[in-house]
Every structure is written in C-alpha cells, then in structure tokens.
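Engineer: I have a structure here, written as structure tokens, and I will follow up with some questions on it.
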C-alpha cells in the first residue's frame, strides 16, 4: 500500500500538514500545560515550548502559512480581550489608568536602560541587543520595527536580531510569569483576598446602583409631585421606583405626578456620589428589605428581562416609554456585571439586563417589547466582530510620523484591533452595531487565538534554537534577556505594591501588558476568574505597544547609524 500520502501529510509543506502540525502542537501543549511543577502550571503557555521542541526536530510550517496563522491568532486573542474589557475600560481608566500607564512606562524605560548598560558592559552589538530586548519582552512588532530600521540604515539585514529574539522569547515568557510569582511571594499576597478587595471596590464604584429607603421629612418636598422634586434635584442621578403611603402603608408604583407627603416612604435607586445629597434633601434613611417593597398581597412584581432585540441597540431607556405606556418602572440596568442607575437618557445595548417593577398582568407585553430571548442572545454577532477586526488592521497599519524619527511608528496588527475592540464594545451601539458576545464565545475566541499564536511562535523559533544556544553564544543571550525581563518588572512590581497599593489582580494584567505578553495574561486569567487582569492589560497595552516599537527604532537609530 502506498503510504506517500501519510509522509506528505506528516513531513510535507502543504496546507493539510500545516493545520495538522498546529493542531498537534496545541493539543500536546494544553495537555502538558496541566501538569503542575511546585504547585504551578503554565497552562496554554506550554504550547510555546512544545512548538520549540517540534520545530527543533524539523517540523516546520510553510513561511506564508506560518506568518498568517501567527498574526491571525494574535488578532483573535487581542480583539476578544478588547471586547471583554471594553464596557468597563473607560471607568477603569478614569480611576487608575494614569497610574497604571506611568508604571508601564517605567517598565519600558527600565528595560531600555538595562539593554543599553548590557550593550556597553558586554560589547554585544546594539542590533543583537535590540533583538534580545524584543524577545525578552515578547514584542514581535518591536522586532519587526528594529529589522526594518536596520535595513533602511545599512541596506542589509542582521540575522542576529531575529536569533536574539528567538532565544530570549521562551525565557521571557517564563520571566514575566516568574515576576508575578516573586512579587506575590515577597508581599505574601492571597489571590482570594485580592479578589474580595476588587469585588468590594467594584461594589462601591461611583457608577454602581444602590438602593435606599427614605422617609419624607423635608418640608420643602411636602405636597410636591415627583416631577417637581426632580426639578429641585436637577443634575443628580436617581430613580424613585415606589412609594409607601404613610397613612395606609400601601405601596404604589411611582409616577411623575405622584405627590409626596410627610412620613411617606420612597424607594430610591441612585449611585454613591448622590446618596448623601438625595438622603438629606428628601428626609432620613430607614432600613427596609427590598422584599418589603413588594408585599405578597400586592399586584406589583419585580422581573428581570434581557435586551435581545437588535433594534433597541442604542435607543435610550426613556424612548421605550414603559412608565407611560405600561405603568412600569425600570429600576436598575445590569451591563457586563455592573449595576447602573436606570436613567431615561441611558442608551441600551443588547445583553443589558433590566430590572422592571410593575403589574404582573403587563409583564408579558414588556417582555415582548424588550425581547428576553436567551436563544437570540446566544447567536454570534460575527458581522461586528469582522468589521472590528478590519477596522483594527486599518488603524494598526496607519503610520504615525513623529518629529526627528525617519521611520513612522505603527500600533501594529495587535495594537490596532485591541483599540478598536475596546471602542466598539463601549460605543458600538451609537452606530447600530450589536457587539454583545456571550462570555463562553468570547473565551473560546480568546483561547483559540492565543494557542494558535503560541504554536506558531514556538515552531518558528525551534529550528535554529539549539544551534544558536550551543554555537553562537546563545546561553549568555538567554541570561541577558532574562535580566532585561525580570529586573524592570520586579522594580516596578515592588513600587506598585509598596507605593501605590495596586491590587494584585490588576498588577498581573499591568505587568503582562507592559511587556505586551499574551501568554502572561492567559496565565493571570487562569489564576483568577476575575476580569481585573484583562482590564489592567488593556489599559496599558496601547501605549506600551507604541513605546516598544518606538524605543526599538530609536536604539537602532542612535547606536547603529
């Protein structure tokens, strides 16, 4: 029997061989990544090392297929990260984004300083050192920028740039993860406690919706309608959903013409920054369970409905006219796990969960209006994903010309899609784009992307890996790369924990983002089921990517011209 087909499949250069090789690399890597060494497992990061081993034994991809797979995998990964963190990205940026970006800049510039010092101490050419630097911080666009700049300056290429990158990259990944573990050990950090702190901070977020039960005590609001009270409290975000008559203790749905009397009680939804003003203006707070606002004999019920009709995407809550048409009040809106005050001006997005209070008889009509179809929500919105990827590639390819630098700087195929994903997931509703993706679909997209990327990086680096280490001084290059990786991260990690009291979950994301390292983010995500690492990563990634590319070009320009 002719077995040539099997030989071609296993050792050829065709499409089937490439797909099979990537699949085997990923499967083996994920399986071996579950093994714990000293209680630590590398997870999907192990795919990289399986790729290096297979690449060393001659299992290679066709160069064009390799390049496509690697870039497409990276794009899928960063785009899904952007979609995940987008809804909460800008509030996070306002609260701690400046500090995180300054710390990330510190990592970048300490890495550059370490590289320059090693260049003068060891005598290794700067072109090689820039390759080692790019590998040590796992930054492929920086490598590409350095190679292009060197070629433009000299008219020839320098293979040691790529070799330096290849030998430093694997230990770079390990070093970034090691820095997280070392910081955790030094400060005796409990991941569970850090998660509790993060949950507590999110609960006290200025945008979070909180419920108050108030007794009307201010004479200024006696005999006033809720519409008149709203005018007096203009500029403050709140919703009064129900009132309790002080004489009969009967509970009613609040309307704009509802009149407040002394000792009436009101159920208010607001945010922490408005709590004091509203409480002091209306009266005094009393402790009442939410269930007391819906007594068993009442006709009022509370239901949660999911916005699933795409035609509602971008429409304001007030435009639904639920109170006017159906006598219903929306008290809270939950978006991506964040509770928000149900203001009439709030734009709705597919996937929002509305808490609606009103008559049980009218609930089916409201459900029909909003959608509330989990089946529809599970349908993937592929069009918006690929529109976003396309726009991201355009943005990433846009040359940014800076004074005094002959070569334009670009965000690259990773930075562009990340920025666009963040913007679309936050503002896509304004352009009628449904960007909602179920958490499971987003996770699938993210894991497929990162594993394909790691498999390709490993297979590409494996071919000359051992030769470089044994015959070309690669052992010392690995050591220098590890210093460039570890030293800046430990210094900034210490400053972040000791000086700025940065939450460890956010710190992991910031350290991964400051080195533009997807495997480290994957490790951080596996450490906790919180999205704080992804938010920290996305907060610093765009600026870091820009600086990594810029500094790689500047080092070549200043030292190799």
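For all residues, glycine too, the Cβ spot is worked out from N, Cα and C.
Summarising the annotation, Swiss-Prot assigns transmembrane segment to 10-32, 37-59, 74-93, 100-122, 161-183, 384-406, 411-430, 443-465, 475-497, 504-523, 538-560 and lists sequence analysis as the type of evidence. Residues or ranges marked as domain 'RCK C-terminal 1' by Swiss-Prot on the basis of sequence analysis: 196-284. Under the heading domain 'RCK C-terminal 2', Swiss-Prot lists 286-372, citing sequence analysis as support.
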Engineer: Please work out whether the transmembrane segment (10-32) lies in contact with the transmembrane segment (384-406), by counting C-beta pairs under 8 angstroms that are 6 or more apart in sequence and asking whether there are at least 3.
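Structural biologist: The answer is no, given that the two segments have fewer than 3 Cβ pairs within the 8 Å cut-off.
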Engineer: Which residues of the same chain, at least 6 past either end of the transmembrane segment (475-497), have a Cβ under 8 Å from a Cβ in it?
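Structural biologist: Residues packing against the transmembrane segment (475-497) from afar: 103-104, 106-108, 110-111, 114-115, 118, 122, 124, 128-129, 132-133, 135-137, 163-164, 167-168, 171-172, 175-176, 178-180, 182-183, 186-187, 189, 468-469, 504, 507, 510-511, 514-515.
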Engineer: Looking only at the domain 'RCK C-terminal 2' (286-372), what is the model's average confidence as pLDDT?
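Structural biologist: A mean pLDDT of 78 is what the predicted model shows over the domain 'RCK C-terminal 2' (286-372).
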Engineer: Which residues of the same chain, at least 6 past either end of the transmembrane segment (443-465), have a Cβ under 8 Å from a Cβ in it?
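Structural biologist: The answer is 21-22, 25-26, 29-30, 44-45, 47-61, 66, 69-70, 72-81, 84, 140, 163, 166-167, 169-170, 385, 437, 474, 518-519, 522.
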Engineer: Below 8 angstroms Cβ to Cβ, which residues of this chain, lying six or more residues outside the transmembrane segment (384-406), approach it?
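Structural biologist: Distant contacts of the transmembrane segment (384-406): 75, 79, 83, 152, 412-421, 424, 428, 433-435, 437, 445, 546, 550, 553-554, 557.
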Engineer: Let's see if you can do this one: DSSP helix, strand and coil counts over the domain 'RCK C-terminal 1' (196-284), in that order.
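Structural biologist: Per DSSP, the residues of the domain 'RCK C-terminal 1' (196-284) fall into 29 helix, 29 strand, 31 coil.
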Engineer: Could you give the residue numbers and ranges of same-chain residues that sit at least 6 residues beyond the transmembrane segment (538-560) on either side and whose C-beta is under 8 angstroms from one of its C-beta atoms?
Structural biologist: 78, 81-82, 85, 89, 92-93, 96-97, 100-101, 103-105, 107-109, 112, 115-116, 119, 125-127, 129-130, 133-134, 137, 139, 141-143, 145-146, 149-150, 153-154, 400, 402, 405-407, 409-412, 414-415, 418-419, 422, 509-510, 513-516
Engineer: Could you tell me what the rest of the chain brings near the transmembrane segment (411-430), counting residues at least six beyond its ends with Cβ under 8 Å?
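Structural biologist: Here the qualifying positions are 71, 74-75, 78-83, 85-87, 89-90, 140-141, 144, 313-314, 347-349, 384, 387-389, 391-398, 400, 516, 538, 541-542, 545-546, 549.
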Engineer: Just to be sure I understand, if DSSP states are collapsed into helix, strand and coil, how many residues of the domain 'RCK C-terminal 2' (286-372) fall in each?
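Structural biologist: When I sort the residues of the domain 'RCK C-terminal 2' (286-372) into the three classes, I find 24 helix, 29 strand, 34 coil.
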